[in-house]
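According to Swiss-Prot, the features are:
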- Ser119, Gly120, Ser121, Glu137, Arg142, Asp167, Val168, Asp202: S-adenosyl-L-methionine binding site (BINDING)
- 281-293: compositional bias 'Basic residues' (COMPBIAS)
- 394-406: compositional bias 'Polar residues' (COMPBIAS)
- 281-323: region 'Disordered' (REGION)
- 385-406: region 'Disordered' (REGION)
Amino acid sequence: MSYFTEYKDLIAEGDLVLVWISRGNVKQLRIKSGEVFNTRYGSFAHDDIVGRPYGSQIGVRTKGSNRFGFIHVLQPTPELWTLSLPHRTQIVYTPDSSYIMQRLGCSPQSRVIEAGTGSGSFSHAFARTVGQLFSYEFHHMRYEQALAEFQEHGLIADGNVTITHRDVCQKGFLIKAGDTTSYEFLEGQDSVSVNADCIFLDLPAPWEAIPHLDAVIAKDRTARLCCFSPCIEQVDKTLEALELHGWEEIETVEIQGRQYESRRQMVRQLDDALERLRDVKRRKQHGTERRKRLGEQLGSVEELTDDVRPKTPKTSYNPFGKGSRVKEGDNGFEWKQVAKVESEIKSHTSYLTFASKILFKSRDENTVSQLLEQYKDFNPNVKAASKLDKRPQETSFEESQASNSV
């Protein structure tokens, strides 16, 4: 079972979990009986975690005090794994990966090529969404680390991921028997049919890998490509290679994110402001009178003590929350929804270059005839063609105007 593609309700011994300690501090943990997970907020026994639902808050009393520390135990997801994984290379974060998968049209039927496995962040997101992932890594040590990680997470044997040690810029994407790969060849099988319709290139020189793609992309449907390039000079060379090898719909974008902070703000009416001014004036007048009485030093010591702190009833009027703690959304006040945007835009991670390609454009005769019949129902002026060579005749502008007027 893969912890990243399947879900369960309760935590069991041997599960891989992600422990949310604080914002930006997420740790991976393998649950083992008898062991203890130590943090600055306390020590948490694994036995106390087993059997609890995923997402539970686990609390312990801090030694030597009455304070409690707690953690949250979460089910692994690609988004949370991105926050906790060991960085072997620069990774693709969720704002970029989610947009890339949407632009590539990834689905459970997709067959994806990922060149540049790196730390495996994007590989986990692909594995959850697509039907088959072929990932390539040229650095042997990173390949071995990623392979061990994918096997531990159940993405190889029980999953849909194949990782290969290969320099795709020099040797291409074909996987053959004898290559260093996680793919298990059947008896008599000498190669793998990649047949990919989505390609993601996270390479220093993607323009060197583009010429090798025609041998492995799908022949019967559109293939979509994304190149992840930090420098604009890389983008320039990539565009030249895409145009040279027949790729179309070429576009380069960058993702820049700004966070909107939404909250409720107290509505301050004019009448409330006037009443507040009157209240301040009354308090000021009361203070002046009290100081005057103290200055005259009238009465006994006990009377002076009483005058220093006069017992006046606590006022219940507080239009702006002054003098008492008011929680956001308190029913005693009127609120409105407001939002504040970050003043600075977070800088981009890389340029994203998208393109698409169809190797062979073929149409089925029956499909075309059905489409023409459907179109005829909406436009009676078009005659349906029974064969591909029978196209609706073209008409001049004057003839079309005359037919429309009739």
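For all residues, glycine too, the Cβ spot is worked out from N, Cα and C.
It should be emphasised that the depicted structure is a prediction, and the values quoted were computed from it without experimental measurement.
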Neighbourhood of Gly120 (S-adenosyl-L-methionine binding site) by C-beta distance under 8 A, where only residues 6 or more apart in the same chain count: Leu85, Ala146, Glu149, Phe150
Other CB atoms within 10 A, centred on Glu137 (S-adenosyl-L-methionine binding site): 28
For Asp167 (S-adenosyl-L-methionine binding site), the three-state class that DSSP assigns: coil
Packing count at Asp202 (S-adenosyl-L-methionine binding site) (other Cβ atoms within 10 Å of its Cβ): 21
Mapped DSSP class for Glu137 (S-adenosyl-L-methionine binding site), helix or strand or coil: strand
